[in-house]
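Trainee: First the structure, which I've put down as structure tokens, then a few questions once you've had a look.
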Amino acid sequence: MEFSILADAFYKMESTRKRLELTQYLVELFEKTPEDIISKIVYLLQGKLRPDFEGIELGVAEKLAIRSISKSSGIPVKRIEEEYRESGDLGHAASTILEQKTQTTFLVEDITIERVYETLFKIANLEGSHSQDMKMKYISSLLNDATPLEASYILKILLGTLRLGIAENTVMDALAITFSGNKDNRKILQHAYNVSSDLGKVAETIATKGLEGVEKFEIILFNPIRPMLADRVKSEKEAIEKMGNEFAAEYKLDGERVQLHIEGEKVVLFSRSLENISSYYPDIIEKIPKVIQGDNIILEAEIVAINENTGEFLPFQELMHRRRKYKIEKAVTKYPITVNFFDILYHNGRSCLELRYKERREKLEKNITENEFVKYIPMCIVRNENEITEFMENSINAGSEGLMLKMLDKPYQAGSRGSHWLKLKREYQNELGDSLDLVVIGGYFGKGRRTGNYGTLLLATYDEDDDEFTSICKVGTGFSDEDLDQLFQILHPKVTIKKNPRINSEMEADVWFEPELVIEVVASDITLSPIHKAARDKIRKDTGLALRFPKFTGKIRVEKAAEDASTNEEVITLFKGQTKVAHDKNLM
Ligand code: AMP
């Protein structure tokens, strides 16, 4: 298939932010796509070559790209740099330059999607001393045969700046329409995606085997399963109302969630956002196979940092010391951990997702042997408010954040946040009753002590209905100098020229970021807001919700994806709870 078809589709998609239009463009594209390359197209649409959990990075630096453009066009590096400075986007710059140039050059051969994909794949896998030269050779050979528009998209993919703002749900809508004629079949695709985290594979399956094939989709060992999430409740009373009169309560430990895939001695660890984090925890890789019964297994646990002398749980932040590329052995001894299991998702070639909680917990305890390093998360069956309070106290005293409450007879719902799991946290210091995890969407340069950093950040909630990020507040307090430095390091590479179409905000910002990083904030209360877009029109027409006096808690939630941030639904619940408290107080 010709790459020009994909480049045209990219061009159309870049110029809209309307989900329906995007879906339509995708349907038109998928209709033209042969089934053997549909997975590749789905990855390319997201600016990737393979699903995220495989960790394949193109890693081409701007300098190298500029040299490659120069090599293929014969235009001096300086001139390309000038154009780049003017347009702010190397893809655009290259297309402008080549536009002038092609008037005098012949195109040698049409480039195909297969060729572009394969070349990009080779580039991603190059290592070693000659890799830079080889990369340049590959890139300039592609650019040689590309039209200006094609060249601009090849460069954007290479540099990681292709930002079409297409959400996974939109891709699945379009796949359902193209291959089954009905958007509602998205649900079936969603299940396959939830158990495989591989949208390309889902696309290939529906294209080659139809909906029936997708329905039969099974868990694949070493492909992460999208995690089940919990709703929040604010009190024991609310928990009983929602969960009935008998359910499980587990400690909610403050660590890093991990999904362990194990077969024999092979262990792979995935974070909550499905990144392969195996290299940070060589101690887990070594010790876990010894305590497992079974040929293969997928488990979920919370990794928690501990004080080696007292055995006490330490806060999540301690684990950050493990996130390093070098000298990990030292960090392993200096920052000891325990692995606290709470679920089993697969065992001996069989999915456990359909099993009820009770059965999964039994299976978990049967197939793992506890020791100093490996524990089951403490669990107790509770039947009334007092029993919850008592277990909550034990949990807080042990250094955890609160409780996770789980219905006894429900299956594991991969990839969804529902009422079968609830979280009950204790955070006395915070007037709202809970902290919020918000997505950083914009930044403002700091003054004085904060010069050179982003002094204030613009934050957003996740809107599940429209699959976008809605602004809710600016936050400028709670940051230590160290936090500001660290945030700058993380955020700077996420700066975009154009606001990502999934950001819904009318605020001005000095810079816009890719909506990726999640941070935790507390606030005094939630107010109605004419400017912010969170929960717009939900409480009052033309009005959204905003946080009053927000403050950064110091927690950068690297383990969370943007879609795991607090949702507008949650903010509405907090807002309503708060008005109810005010109302009750007035009555007293
Ligand atoms: P939150 O980050 O506040 O949305 O809470 C959900 C997180 O709590 C999960 O992603 C886990 O990392 C963590 N967690 C701690 N203990 C448990 C538990 N017993 N069951 C499930 N998740 C837990």
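Cβ from N, Cα, C; glycine included.
Heads up, TrEMBL stuff is auto-annotated, nobody curated it.
As annotated in TrEMBL:
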- Glu250, Arg257, Arg272, Glu302, Phe342, Arg417, Lys423: ATP binding site (BINDING)
- Lys252: active site, N6-AMP-lysine intermediate (ACT_SITE)
- 330-463: domain 'ATP-dependent DNA ligase family profile' (DOMAIN)
Trainee: Please find which two of Glu250, Arg257, Arg272, Glu302, Phe342, Arg417, Lys423 have the most distant C-alpha atoms, given that the record lists them as binding ATP, and give only that distance in angstrom, rounded to a whole number.
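Mentor: It comes out at 18 Å between the most distant Cα atoms.
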Trainee: Could you tell me which of the binding-site residues Phe342, Arg417, Lys423 have their C-beta within a distance under 6 angstroms of some atom of ligand 1?
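Mentor: Phe342, Lys423, by Cβ distance under 6 Å.
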Trainee: Expressed to the nearest Å, what is the distance separating Lys423 (ATP binding site) and Lys252 (active site, N6-AMP-lysine intermediate) at their Cα atoms?
Mentor: 8
Trainee: Mind checking which of Arg257, Arg272 has the fewest other CB atoms within 10 A of its CB? They're the binding-site residues.
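Mentor: Looking at the binding-site residues Arg257, Arg272, the Cβ with the fewest others within 10 Å is that of Arg257.
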Trainee: Given a 10 Å Cβ-Cβ cut-off, pick out the one of the recorded positions Lys252, Arg417, Lys423 that has the most other Cβ atoms nearby.
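Mentor: Answer returned by the neighbour count: Lys252.
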Trainee: Could you tell me which three-state DSSP class Arg417 (ATP binding site) falls into?
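Mentor: Assignment for Arg417 (ATP binding site) reads strand.
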Trainee: Tell me, which binding-site residues from Arg272, Glu302, Arg417 are within 10 Å of the residue listed as 'active site, N6-AMP-lysine intermediate' if we use the C-alpha atoms?
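Mentor: Passing the 10 Å Cα cut: Glu302.
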Trainee: As a quick check of your reading of DSSP, tell me how many residues in the domain 'ATP-dependent DNA ligase family profile' (330-463) are helical, how many are strand and how many are coil.
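Mentor: DSSP composition of the domain 'ATP-dependent DNA ligase family profile' (330-463): 32 helix, 55 strand, 47 coil.
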Trainee: Given a separation of at least six residues and a C-beta threshold under 8 Å, show me what packs close to Glu302 (ATP binding site) in the same chain.
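Mentor: Within the chain, Glu302 (ATP binding site) has Cβ neighbours under 8 Å at Leu253, Gly255, Glu256, Arg257, Val258, Val339, Asn340, Phe342, Ile377.
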Trainee: Tell me, what is the mean pLDDT of the domain 'ATP-dependent DNA ligase family profile' (330-463)?
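Mentor: Mean model confidence (pLDDT) across the domain 'ATP-dependent DNA ligase family profile' (330-463) is 90.
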